[in-house]
Amino acid sequence: MVRIIPMASTIRPSLSSLRLPLLRCSSLSYHNPSRRLALLHLGSAVPQSQFFGLKAAKLLRGEGNGMGMATAGNAAQASTAATQENVLEWVKKDKRRMLHVVYRVGDLDKTIKFYTECLGMKLLRKRDIPEERYTNAFLGYGPEDSHFVIELTYNYGVDKYDIGAGFGHFGIAVEDVAKTVELIKAKGGKVTREPGPVKGGSTVIAFIEDFDGYKFELLERGPTPEPLCQVMLRVGDLDRSINFYEKAFGMELLRTRDNPEYKYTIAMLGYGPEDKNAVLELTYNYGVTEYEKGNAYAQIAIGTDDVYRTAEAVKLVGGKITREPGPLPGISTKITACLDPDGWKTVFVDNVDFLKELE
């Protein structure tokens, strides 16, 4: 759903990746700009005397004494605060789902073969854009309209990318970690952590790497509707990140775990329980506040009912909008893009438009 430019962390439009330009990376009535402007001034839509009484209304109009201006200012502040609260409350009710995770690879066919034969994914669709010199492939464990999927981008002639130190790993739930590792070894895959219980716990895990160096954590878990279950990113201030993702993205903090022995803390956030949904795993390493991000990992795409209100919420919580909400040029799909406090990119896609894209 996203177009990825060679050797840069930028992404060009298209939505299956954005056509997220293949950045690649709701349709509520609030898409009307004048309607949204009105929302910001809800207080003025109701007769003042209804709330304050006739005398107070005169004061707000400046009639009577010099207190009018100050009183009006206080009322405006109260109205703005109420509107902001409404936007953040709306975020909690918005129908959101993690759609795609987008990243660049140096050999598309080789990666597809590894993911399908060793990790059990299905190639859902593939698209070549020769005029812009790139190809996209979408892989996962079920259809895009109901599953979190991987969107790979291959830029013609670019066979290597810098993953950086900020990206952590993807998580995949499998029923038998040891058996999966044996298969991966037989196919020439690289195992960086042999199967065994996670430190301090009982869950059996293993770590592998694909040909581009992306790490995958294999987690032993019973049957699940969402095997592609995690994206792990490192952040410089965990409390700040949790606050941002809860308020701006409407995610739920599912759990945290501190590991003082290994000097790191993790937080799991998402739109539903870990055993049934893809989640974001944020990792804070003691004392590390910044990371090099490289140019390989691109972004996550999330569905929303209203990209306009989503952008408002992101701004309210201090996020940076990198693409103002609205339709993509040439198509009707509405998106908005933003950066979290650590500079990780997310693209929000209109839910209805996304389903039309899949048609």
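Indices start at 1 and increase along the chain as displayed.
Every residue, even glycine, has its Cβ placed from backbone N, Cα and C.
Database features (TrEMBL):
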DOMAIN    97-221  domain 'VOC'
BINDING   Glu151, His169, Glu217  Zn(2+) binding site
ACT_SITE  Glu217  active site, proton donor/acceptor
DOMAIN    227-351  domain 'VOC'
Greatest C-beta neighbour count within 10 angstroms, which of the binding-site residues Glu151, Glu217: Glu151
CB contacts for His169 (Zn(2+) binding site) [other CB atoms within 10 A, all chains]: 19
Mean of pLDDT values spanning the domain 'VOC' (227-351): 97
Residue counts (helix, strand, coil, in that order) that DSSP gives for the domain 'VOC' (97-221): 24 helix, 58 strand, 43 coil
